[in-house]
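Participant: Can you keep this structure in mind? I'll have questions shortly.
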Amino acid sequence: MRPRIIVFLFQVLVVIKGTKLKYYNDELCGRQSTYTSFMLTDAAGNTGNPTHLAPWAVQIRVKARKGDFEVICGGTLITLKHVLTAAHCFQKHFGAKKEGGEENSMSGRYCESNQRFTDSEILTRTVVTVGAMCTRLEQKYGCVNEKQNGKTLKISRFAIGDFYKTHCEQGNDIVILELESTIDDVEGANYACLPFLPEVNIQSGANVTSFGWGSDPGKGFDNAAFPMIQVLTLATETLATCEENWGTSIPFDSFCTAEEEDKNVCSGDSGGGLTFHQSDSAREFIIAIVSYGSDCVQLIGGSEPRSQINTDVRKHQKFIVNFINQA
């Protein structure tokens, strides 16, 4: 994963099939950014302004008992003021039992509707860090300047898909957050293009990019956020292959990517985006939101890879547009 900047000083409206979308410009979205206020020296001794290869990446942080805001998930900026992430990031308990005591076939994904954070908890305990490369200063991993830690903003409102209403089993693992202010003045931040603005098609077998600060067992971060953003290229899979690998039906809004023993999204990467690079425009489009898959520690230990199941953003166009236009 990596970084780049763009400063936006205006609000833009875009017409989508007769609907205006606030805070979005399809000419400026999806472009990488550069930090202009400081310089870094790379491993080869070259000094320059660092670029942010995923300036739409954000950290979802929740206030812990000690008062610190811990990174629990990733997310993706989709306008100057809005973020997409996963609904299960706000789940209090995992592995609930169905009536009768049997766990479901989706790795304990079953839940009750009252197992998520309350609306008040989401608004008062959750913040979003934008324009960041790092979760904290740590020179060993190239996190040496405070500006690499981005800017943290509060959430003014949000909307959750029907994830909890269907016991966390039938898709809709999506949340859209509205930030208290725009990212106009945030160095290193930009938003990804939406896949229906303009419409983009992905060919079967194409690669997508994942980004986040999730755990990395291979580097000793088994249950902790990695200091520096990491970026991975993942191969897409057909829904048929995905269902075969899981041995059961998958959510209606699934978008699947291949798992590998040494290359996969891990705990803490949930809610982050999968983007598709459009070569002719050199821009990144968010296609999906990381939802669930195999445990990285188990994969490293030799477990058979299955498929990573993500939430297809294109299946939630109306949900996204309606929320943004209520701003």
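Cβ coordinates come from backbone N, Cα and C, glycine included.
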Participant: The disulfide recorded in Swiss-Prot for Cys266 goes to which of Cys242, Cys256, Cys296?
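Facilitator: Between Cys266 and the options Cys242, Cys256, Cys296, Swiss-Prot records the bond with Cys296.
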Participant: Choosing among Cys193, Cys242, which residue does Swiss-Prot name as bonded to Cys256 by a disulfide?
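Facilitator: That record, Swiss-Prot, gives the partner as Cys242.
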Participant: Suppose you look only at the domain 'Peptidase S1' (43-327); what would the mean pLDDT be?
Facilitator: 89
Participant: Pull out the recorded positions from the set His88, Cys256, Cys266, Cys296 whose C-alpha sits within 10 Å of the C-alpha of Asp173 (active site, charge relay system).
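Facilitator: Of everything listed, what lies within 10 Å of Asp173 (active site, charge relay system) (Cα to Cα) is His88.
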Participant: Around Cys89 (disulfide bond), how many other CB atoms lie within 10 A of its CB?
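Facilitator: Result for Cys89 (disulfide bond): 23 neighbouring Cβ atoms inside 10 Å.
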Participant: Name the residue among the recorded positions Asn207, Ser270 whose Cβ has the smallest number of other Cβ atoms within 10 Å.
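Facilitator: With the recorded positions Asn207, Ser270, fewest surrounding Cβ atoms within 10 Å: Asn207.
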